[in-house]
Amino acid sequence: MEKAIVLLSAGLDSTVSLAYGVRNFQVVLGLTFNYGQKASRKEIEHSKKILDYYGIPQEVIELPFLKKITKTSLVAEDQEIPTGIDLESAAAVKTSMEKVWVPNRNGLFINIAAAYAESLGAKYIITGFNAEEAKTFSDNSREFVDAVNHALKYSTLNHVQVVSFTQNLEKSEIYRLGVELGAPLDLIWSCYYGGDEMCGVCESCLRLKRARGGN
């Protein structure tokens, strides 16, 4: 089996992509990032539980500078994350995206992961992108992955490549796939906040609720 590493936030997409990936690759490391996001503690904690479930070691990458230069509500303590938005409204979803956008976040994550992958002799980086959010988050899109993979052919000697087994799926399809794969869906954290429980009203929580069929 080819070696791979996984970028894991403990959300639905990355967890299910990992569940699929372990059937195809030898996953040797999980990377979780702390860039000052409000859910960082929960993402790290739940990612560790998911990685432990699969017997994969975790490394937490600290990126404090990203919080310093980012002004959006995902990290800024003086800004409220949008809640209760209408997921069927393109305008509302676009506004929500702009309020939680972190500059080049996925680009940074992937390039850091590529350095780890090459050093570990791994050819693949497993990520959790999806078709639903790619409509507003351009760094979830197939075009983004294709562009990054083109660049990685030049920046890594072993031509590390990004793969996402959820890339072409809507959230509801990803949830069903997770059930089929026996993914530890009880361990996921899909909330923008870091409270004791998921808030249930931020965009990420609303998408998870809809994916579950309203439950």
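Just so you know, glycine gets a Cβ as well, placed from its N, Cα and C.
Record features, source Swiss-Prot:
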BINDING   Leu8, Ser9, Ala10, Gly11, Leu12, Asp13, Ser14, Thr15, Val16, Ser17, Leu18  ATP binding site
BINDING   Cys191, Cys199, Cys202, Cys205  Zn(2+) binding site
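The two recorded residues Cys202 (Zn(2+) binding site) and Leu12 (ATP binding site) have their Cα atoms spaced 15 Å from each other.
When the binding-site residues Leu8, Ala10, Leu12, Ser14, Val16 are ranked by how far their Cα is from the Cα of Cys205 (Zn(2+) binding site), Leu12 comes first. Counting Cβ atoms from all protein chains shown, Ala10 (ATP binding site) has 26 others lying within 10 Å of its own Cβ.
Around Cys191 (Zn(2+) binding site), a 10 Å sphere centred on its CB holds 24 further CB atoms from the protein chains shown. Less than 8 angstroms from the CB of Leu8 (ATP binding site) sit Ser14, Thr15, Leu18, Gly30, Leu31, Thr32, Ser47, Ile50, Leu51, Gln58, Gly128, each of them six or more residues away in the same chain. Around the Cβ of Cys202 (Zn(2+) binding site), the number of neighbouring Cβ atoms within 10 Å comes to 26. For Val16 (ATP binding site), the same-chain residues 6+ apart in sequence whose C-beta sits under 8 angstroms from its C-beta are Gly128, Phe165, Thr166, Ile174, Tyr175, Leu177, Gly178, Leu181, Ala183. Listed in sequence order, Gly128, Lys171, Ile174, Tyr175, Gly178, Leu185, Ile188, Ser190, Leu208, Ala211 are the same-chain residues at least 6 apart in sequence whose CB falls under 8 Å from the CB of Leu12 (ATP binding site). Apart from the site residues Leu8, Ser9, Ala10, Gly11, Leu12, Asp13, Ser14, Thr15, Val16, Ser17, Leu18, the chain places the Cβ of Ile50, Gly128, Ile188 no farther than 8 Å from the centroid of the site's Cβ atoms, the recorded ATP location. Across the structure, Ala10 (ATP binding site) and Cys199 (Zn(2+) binding site) are spaced 15 Å apart at their Cα atoms. Most Cβ neighbours within 10 Å among the binding-site residues Leu18, Cys199, Cys205: this distinction goes to Leu18. Classification of Cys202 (Zn(2+) binding site) by DSSP places it within a strand.
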